[in-house]
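Take a look at the structure below.
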Amino acid sequence: MTRHFLRDDDLSPAEQREVLERAARMKADRFAERPLEGPRSVAVIFDKSSTRTRVSFHVGISDLGGSPLIISTASSQLGGKETAADTARVLERQVAAIVWRTYAQAGLEEMAAGTTVPVVNALSDDFHPCQLLADLLTIREHKGALAGLTVAFVGDGRSNMAQSYLLACATAGMHVRVGAPADYAPEAAVVADAQRIAEGTGGSASVVASAAEAVADADVVVTDTWVSMGKEDEKAERVATFGGFRVDAALMAQAKPDAAFMHCLPADRGFEVTADVIDGPQSIIWDEAENRLHAQKALLAWLLERSAA
Ligand code: CP
Ligand code: NVA
């Protein structure tokens, strides 16, 4: 059966652990696994801009012995003349997997439903699950384990990052708190899914309307841009609303003294985070960015194995 990775909870708790352990092994021995030797190609499609995702998939697919095929939607037929389902039927005859950064989650679901090769969400409006694999790998490296840790996400609760934090941390048995203005709370269905998962893993998931409440005694403090891709027209209104949700030194001081700061990048210094925090000693953003490579290689290798079985 073909396995896809469209949202964080497409991996069970045991499967998430397996992928993260494999990622750690691959990081220690970068060229040990070559499942795409041939080379087989992997299509990586972008409807939105990217630096980290583009580079880490290109390099990762090459590390695995494969050939990355990076496609800009603007210069393809997808989205204009051709549906996701038809694109998938064309690609599956030639590539081993499809990675897609897009807007609507429904597009990814349509693509996955129409194809026999694994489809990976490289960011949608709702979720950024590849980033979360990298973030969890990074937290594991810095804190030794995941289960039982408290993570606070502060800022746009309706963003792909906040919603992925809810699902991925609940899957890992962590306690995840999203601190967001009431009008930017995560979707109720995503919170409910995270809470249901957390019941089985010993974690918890909650949403609060105060940054201070979210970060109290947290092991990890996370934020993301206030203006996600596609929301540029709402910038002024968002900047006005999110003012009380900036991660600065005073907010960090309310987390544990050894709390780590994370941000998926790109960052707007002075908006969602101050420069002294993101460039300071508690910040682990460069490890986080590097770990996209290792986490996605493990994910691709795992999905290809499972889908071939
Ligand atoms: N964090 C992240 O996905 O970065 P890019 O938009 O540069 O890919
Ligand atoms: N929430 C951000 C993440 C960028 C990697 C966005 O969607 O623009």
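Residue 1 is the first one shown; counting continues down the chain.
Cβ atoms here come from the backbone N, Cα and C positions, even for glycine.
Annotations in TrEMBL come from automatic prediction, not curation.
Annotation source TrEMBL lists carbamoyl phosphate binding site at Ser50, Thr51, Arg52, Thr53, Gln77, Arg101, His128, Pro129, Cys130, Gln131, Cys264, Leu265, Arg292. Under 8 Å, Cβ to Cβ, and six or more positions away along its own chain, Cys130 (carbamoyl phosphate binding site) finds Phe5, Thr53, Val120, Asn121, Ala122, Leu123, Arg292, Ala295, Gln296, Leu299.
Taken from TrEMBL, the feature L-ornithine binding site covers Asn160, Asp224, Ser228, Met229. Over all protein chains present, the Cβ of Asp224 (L-ornithine binding site) has 27 other Cβ atoms lying within 10 Å.
Annotated domain 'Aspartate/ornithine carbamoyltransferase carbamoyl-P binding' per TrEMBL: 3-141, in sequence order. Predicted-model confidence for the domain 'Aspartate/ornithine carbamoyltransferase carbamoyl-P binding' (3-141) is 97, expressed as mean pLDDT.
Annotation source TrEMBL lists domain 'Aspartate/ornithine carbamoyltransferase Asp/Orn-binding' at 148-303.
The Cβ of Gln77 has fewer other Cβ atoms within 10 Å than any other of the binding-site residues Ser50, Gln77, Asn160, Ser228. The binding-site residues near Cys264 (carbamoyl phosphate binding site), taking a 10 angstroms Cα-Cα threshold over the set Asn160, Ser228, Met229, amount to none. A C-beta separation below 8 Å, combined with a sequence spacing of at least six in one chain, links Arg52 (carbamoyl phosphate binding site) to Cys264, Leu265, Ala289, Arg292. Secondary structure at Asn160 (L-ornithine binding site), taken from DSSP and collapsed to helix, strand or coil, is helix. Taking Ser50, Arg52, Gln77, Cys130, Ser228 as the candidate binding-site residues, the subset whose CB lies under 6 angstroms from any atom of ligand 2 consists of Ser228. Taking the Cα of Asp224 (L-ornithine binding site) as the reference point, the closest of the binding-site residues Ser50, Gln77, His128 is His128.
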